[in-house]
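Novice: So Swiss-Prot lists these for the protein:
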BINDING   Cys333, His384, His509  Zn(2+) binding site
DOMAIN    1-61  domain 'TGS'
REGION    242-532  region 'Catalytic'
Amino acid sequence: MIKITLKDGKVMEFEEGIKISDIAMKISPALYKKALAAKIDGETVDLMTELHKDSSLEILTFEDEMGKWALRHTGAHILAQAVKRLYPEVKLAIGPAIDTGFYYDFEADFTFTPEMLEKIEAEIKKIIKENHKLERFELPREEAINLMKEKNEDYKVELIEDLPEGEVISFYKQGDFTDLCAGPHVPSTGKVKSVKLLSLAGAYWRGDENNKMLQRIYGTAFTKKSELDEYLNMLEEAKKRDHRKLGKELDLFSIHEEGPGFPFFHPKGMIIRNILENFWREEHTKAGYQEIRTPLILNEALWHQSGHWDHYKENMYFTNIDDGDYAIKPMNCPGGILVYKNSMHSYRDLPLRLSELGIVHRHELSGALHGLMRVRCFTQDDAHLYMTKEQIKEEIVGIIKLIDKFYKLFGFEYFVELSTRPEDSMGSDEDWEIATNGLREALDSIGKEYRVNEGDGAFYGPKIDFHLKDCIGRTWQCGTIQLDFQMPERFDLSYIGADGEKHRPVMVHRTIYGSVERFIGILIEQYAGAFPTWLAPVQVKLMNITDAQYDYLKKVEEALKENNIRVEIDTRNEKIGYKIREAQLQKVPYMLILGDKEVEAGKVAVRSRKDGDLGAISLEEFIEKIKNEIKVKTN
């Protein structure tokens, strides 16, 4: 008999060799019906996996991220099977699950069209209805290569040949289709209830522009049609809110072919950016942070010392200065560490909180670039805190509360993930355990719910990630808290303790916005360009009905500017309805309309973007109203 520990801590005994699917049935027939995959001792596996030793077990459903992943991974295989049935000459490349669904890359001597996608989708529905079992099998290297050669799958042969010696080579078979794959997958094609093919794109083999251009088909999959319909509605809404479209319409930013991935901020975009950064500075000053600034370019040796060279070299830009090798920083932490090292520190100085709005550069593949969301140059709102081990819990709690304050201001709900040690980590087991427990205890102490994301920590320490949920249900990973014992060791950081001896500080890396540019992109989509008054680039649009009101309009404009209200005037010889419609398209919070009545009464006719016509009020009353709205940062 073997002992199986369930997620809730309950221990059950079973015969050795029992399949996970059978355990799911014994736990609950309802769970068995919903089960898609499982985790055994933290590793995601198929439900058909047999258990031969004591293990911890978590049954995964579509509510779990890895459950979704398994279902959508199978969706990619179903797509490939459908394409091969309809177009046997097509060659298969790769087909993974991704955050929002899946894709598969194909080599074909024709171009896929939207009409062909409809035909493929119909074939997918047939395959789902046929309910083929997914059967995993393994082959020795030579047999695996021969199998793929027989099928004329050159890309699969290349993948197998590139696998390290001794690597397990596994395949999945479903009906008449077999694919090279490590898995895991759901038990049968019938589990994938609803599939939709979404779009077509080009993609270089292995992401290398020197390789052949393939055709990529994107799709998504759900266990219920209602969930798929909801997702498709969200996509339609997302198109309307696309920050690239709104950024152009509202004249906030642009991206040019002279600098792909390097955004240009226009005056209105800079207003939003400066407000966000100034608010950030104010709140950090209140919370005891001191702001620093470090150079963009630093000697290559620094990046070797920090470990970024080994883990991040492919994403870095390099230059040569005075015959020396330098790198443009992809992260702010090594520069911040040099600031810490510049002075001797006492335990009385700790915790030391150093903040930086630092510009970083990271090389992203051109195909991955996406407006402000994925760029090559961005401002990271970093802070690095140095503390004793005894101060970890209190400092982490303080950071969590600060992050919570920021996100609530913008109306975001969010969830928290604790990410643990990855495979390519550095440091001792003991340090990782202390660091992970420190983050866990901080979250537990304030009753903050969180998920555990095994193996997704930074290479130097575990982390807490904050995922924002926007108004149409999408999630965005922004804030992060990373506990680090490794950098202080690598850079020989120290402080003088109460005993007069040198001690090693603990370092925490953290961000709130994550990337200022990306956060602005998220806000554009969150508000659909209709920013709250305190954040709007133009807060008031002032317009006259005829030239007779021009002098009064200029007086009103001057009064608004004296009160630091951002105002634009529209004195064009156009109908007032046209001016109002244009201001509404520009999503200005307030329009002040001035006609003869308003001039005579010394008032302004107020129209709100949100509430429509508010009637005529005195200018003083309006100024008081909008100033209060700005002060309290009404969302």
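Glycine is treated like the rest: Cβ placed from N, Cα and C.
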Novice: Near the Zn(2+) site, what residues other than Cys333, His384, His509 in the same chain have a C-beta no further than 8 Å from the centroid of the listed C-beta atoms?
Specialist: Met331, Asn332, Gly336, Ile337, Asp382, Ala383, Gln482, Asp484, Met487, Met507, Val508, Arg510
Novice: Averaged over the region 'Catalytic' (242-532), what pLDDT does the predicted model reach?
Specialist: 92
Novice: Just jot down the residues in the same chain as Cys333 (Zn(2+) binding site), at least 6 apart in sequence, with C-beta under 8 A of its C-beta; none if empty.
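Specialist: Looking at Cβ-Cβ distances below 8 Å from Cys333 (Zn(2+) binding site), excluding near sequence neighbours, one finds Ser306, Asp382, His384, Met487, His509.
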Novice: Going by DSSP, give the three-state secondary structure for Cys333 (Zn(2+) binding site).
Specialist: helix
Novice: Under DSSP, the domain 'TGS' (1-61) has how many residues in helix, strand and coil?
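Specialist: Counting residues by DSSP class gives 14 helix, 24 strand, 23 coil.
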Novice: In terms of DSSP three-state secondary structure, what is the assignment for His384 (Zn(2+) binding site)?
Specialist: strand
Novice: Look up His509 (Zn(2+) binding site) in the DSSP assignment and report helix, strand or coil.
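Specialist: For His509 (Zn(2+) binding site) - judged by DSSP and reduced to three states - the answer is strand.
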Novice: Take the Cβ of His509 (Zn(2+) binding site) and count every other Cβ within 10 Å, whichever protein chain it belongs to.
Specialist: 23
